[in-house]
C-alpha cells in the first residue's frame, strides 16, 4: 500500500551529507556562574609507541606502587572529605546557633524590632560575603556543583571546576550561605568539594600555589582521575548524610557514566572511611566540646527510630502520596528551570547585578522567616512533653517566639530554625498534635518557593536539603488530612513525603531509598519507601527530566545520555560529519603543523602516511594537539623527512605527556620557533595512537553514539566504505552527537515527526 507523502520512509536515505558544513554548536557552557570554554576529556588510553615502551619498562614494584597509590588516595579522600564535612557542620551550627540565640534573647526581652534588625543584617552580611567571594574569587564554585561534576564524569572538562581556590570558596561560601538562613543545602556543595579534593590529590597538588607532592603524581590520564573524582563525589554524599552505602549508590545511579567492579570497591572503601571518621568526631561533640554543635545538624541519625507499623489499607494513602509528590516534583523542576533562565539573563549585566540579586533574596527571606510566625496562633504546651516547653535555646519543637508563658509557636519551631532542625522536628515521632495544619501548609509553600529563588544566586548552594524539608512538610500535610483514617503517624508521613518529593524532583530511586533509610535508621520503612519512590519517579518522568539534567541543559553542557534519539537510527555518521578535515602526514613540516594549530581549534588530528612511504594513502593513527605541543616545545626536529630513531623516545618521560590539570593546557602561541626550525620536520609516528577507534561511514548514528559513550572517547574516526577514497572521511566528536547540531544540519527532522514514527515503528525506541 503506498505511503502518504507526509510520512517518513525508513527505506530511503534521509538527506544528502552536508560534510563540508562547519559544526556551529556551542563549545562554551556556564560553569558555576560564568560562561567558559569547554572541551572533551579522553578516557581512551593512547596506545602509541612511547606509551608501550614506557609501560614495558615498569617493574613489578612500580606496578604495585601504582595500584597501592590508588587505594591510598581513596583513603586520603575519605579522611579529608569527612573532616571538611564535619567542619562545615560545626561552623554552620555555631554561626547560625549564635544568631538564633541572640535574636531569641532579644525577643524574650520584648525587643522585636532590634531582634529583626540583628537577624536580617546578620543574614545580609553573610550572604554578601558568600556572593562576593564567589563572584570575584571563584565563579566556578557557584551552585551545587553536581551538574559540573556529573558533566565531567561524562567527559566534559571546564577550567577551574576542581581548582584549589574553587575548593576553598566552595567551603567558606556554603558555610556563609547556609548560616544566612537561605533555603539552600550543603549536600550538593559537598559532592563538588569531594570531587575537588580527589582531583587535586590525583594531580599531586596545586602547581599554581606551589603545593605539590611529587610522590602523588602517579595518575597521568583522564581515566584514573575520573575514577578518583567518582570516589570524591560519593564521599561527599556520605559526609553530608553519614550514609556510606547511599554515597556509593548515588555515584552509581546519578553521577557516573562508566562503572567497573574495581571502582565499586574503592568507592566503598572511601565512604567507609568517611563513616568511621564522622562517627568518631560526632562522639567527641556529643560530650559538649563543640559549642552548639550536636543539637542539630545535617549529619542526622535516629531521627525516626520508632518501630513503624502499617497494614495493607495504608498502601492507598502511600500511592496517593507518591502520585502527588511526582506531580509536585516535576512542577518544582519546571519553575526552577524558568527561574534559572531568568537569573542567567540578569547575570549578563555584570557582577554587581549578581551580588544585588543575592542580597535582595536574603532580605526577602529574612522578612518571611521573621514575620510569618507572627501569623500563627500560640499553642498551649502539651502535657507530658518529651522536652522542655517552651524550648529555651536554638533548637526544639516548642519555640516560644512571641507567645506568653506556657505556650509555643509551632510555625516558629519550623521556620525560625535551621533546615536541619526543621527536618528533625518534622520527622520526630509522637508529634501528631504539636503542629497545626495551617502552620505546616504555610511552611510547605514557603520552602517550596524560597528554595527555587535561593538556589540560583551566585553562592555555593545545594538542593538536597531544601527538597527534603519541602517534601517532609508536604508529607506532614497529607498525614494531617488523613488523620485517623490511617495507621501511619505524621512523622512517618513526613519521611515518605520527603522521599516522594525527592523522587519527583531528582528522579533517583535506589540511592535515595538507601540514603533516607540510613538517615532515619529504620529498615522497616523500606517497603513503603520503595513504593513511593517508584511511583513519584514514574509520574514525574511523564512531564520533564530530572533536576540536574535540566540544569546541565541550561548551562550548555554537551552531556551524552545512555539512549539515542529515534531519528539517530535513520541517520548515518556521514550525515553529521562536518569539515574541513585537517590531516597530518606521518613526517610533517614544522611550518605546516604550526599553521594548522594556529588556524584550528581541533584537539586531535588523523595521521595519514602517503607516497613515497606507502604506495597509497593509509591511515596510521591519531595524535592529540597536547602531544604535538609537547614535541614542539621539546624541539625534536629533523633536518630531512626521515623517520626518527630510538634515541628520540629516550629524550622524553611519561610526565611530559601527562594530562595537565582540569581546564589547563599549553598553547601554540607560547611556542616560539625560528625560521630555520619552521623549515625542519617532525616525525609523529612514535607519539600517535596507532589503533584509534574507527567506524565505517554507513554506520547508524545511534550505534556510533553507544560506542562513543561507552568507551569514553574524545575522537571517533570515520573511514570510507569504498577503498579508492581518502582513508579518513572525518572525525566525530561529542558535539556531533548533540541534537542541536543534528537538527541544525537536518531541520526537516522535527521531534514531533519522529515521535509519530516511533509509535508506528516501536523498534526505533
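Note that Cβ sites are derived from N, Cα and C of the backbone, with glycine treated the same way.
Sequence-distant contacts of the transmembrane segment (63-84) (same chain, six or more residues past either end, CB-CB distance under 8 Å): 171, 190, 193-194, 197-198, 201-202, 216, 218-219, 224, 227-228, 231-232, 235-236, 238-239, 266-267, 269-274, 277-278, 281. As annotated by TrEMBL, transmembrane segment applies to 63-84 (among others).
The transmembrane segment annotation in TrEMBL covers 116-142 (among others).
Residues of the same chain lying 6 or more positions beyond the ends of the transmembrane segment (162-184) and with a Cβ under 8 Å from any Cβ of it are 32, 84, 87-88, 91-92, 95-96, 99, 119, 122-124, 126-127, 129-130, 133-134, 137-138, 140-141, 145, 152, 192-193, 195-197, 199-200, 206, 208-209, 211, 229, 361-362, 365-366, 369, 418-419, 447, 450-451, 454-455, 457, 459-463, 465-466, 469, 661-663. What TrEMBL records for 162-184 (among others) is transmembrane segment.
Taken from TrEMBL, the feature transmembrane segment applies to 263-282 (among others). For the transmembrane segment (263-282), the residues of the chain that approach it from at least six positions outside its boundaries are 70-71, 74-75, 77-79, 81-83, 85-86, 227, 230-232, 234-235, 238-239, 242, 244-245, 247-248, 251-252, 256, 294, 299, judged by C-beta separation under 8 angstroms.
Using a Cβ-Cβ cut-off under 8 Å and counting only residues 6 or more beyond its ends in the same chain, the transmembrane segment (315-335) has close neighbours at 448, 452, 467, 470-471, 474-475, 478, 482, 485-486, 488, 493, 496-497, 499-506, 528, 531-540, 542-547, 550. TrEMBL lists 315-335 (among others) with the feature transmembrane segment.
The transmembrane segment annotation in TrEMBL covers 355-376 (among others).
As annotated by TrEMBL, transmembrane segment applies to 435-457 (among others).
Here the transmembrane segment (463-482) has long-range neighbours at 144, 183-188, 240, 298, 317, 320-321, 324-325, 328, 332, 414, 419-420, 422-423, 426-427, 432, 435, 437, 440-441, 443-444, 447-448, 450-451, 454-455, 488-490, 492-502, 505-506, 547, meaning same-chain residues at least 6 beyond its ends whose C-beta is under 8 angstroms from one of its own. Annotation comment: TrEMBL describes 463-482 (among others) as transmembrane segment.
Same-chain residues lying 6+ beyond the ends of the transmembrane segment (494-517) with a Cβ under 8 Å from its Cβ atoms: 237, 241, 243, 245-246, 249-250, 252-254, 304, 318, 321-322, 324-330, 332-333, 423, 426-427, 463-464, 467-479, 488, 523, 525-526, 528-530, 532-537, 539-541, 545-548. Feature annotation from TrEMBL assigns transmembrane segment to 494-517 (among others).
The transmembrane segment annotation in TrEMBL covers 523-543 (among others). Within the chain carrying the transmembrane segment (523-543), a Cβ under 8 angstroms from the stretch's Cβ atoms is held by residues 304, 307-308, 310, 314-315, 318-319, 321-323, 325-327, 329-331, 333-334, 492, 495-496, 499-505, 507-509, 512-513, 516-517, all 6 or more beyond its ends.
According to TrEMBL, the domain 'CBS' annotation covers 687-748.
For the domain 'CBS' (687-748), the model gives a mean pLDDT of 89.
Mapped onto DSSP helix, strand and coil, the domain 'CBS' (687-748) counts 23 helix, 12 strand, 27 coil.
Sequence-remote contacts of a segment are chain residues at least 6 beyond its ends whose Cβ falls under 8 Å from one of its Cβ atoms, and for the transmembrane segment (116-142) they are 31-34, 36, 95, 99, 102-103, 106, 148, 158-161, 163, 165-166, 168-170, 172-174, 176-177, 179-182, 192, 351, 354-355, 358-359, 361-363, 365-367, 369-370, 457-461.
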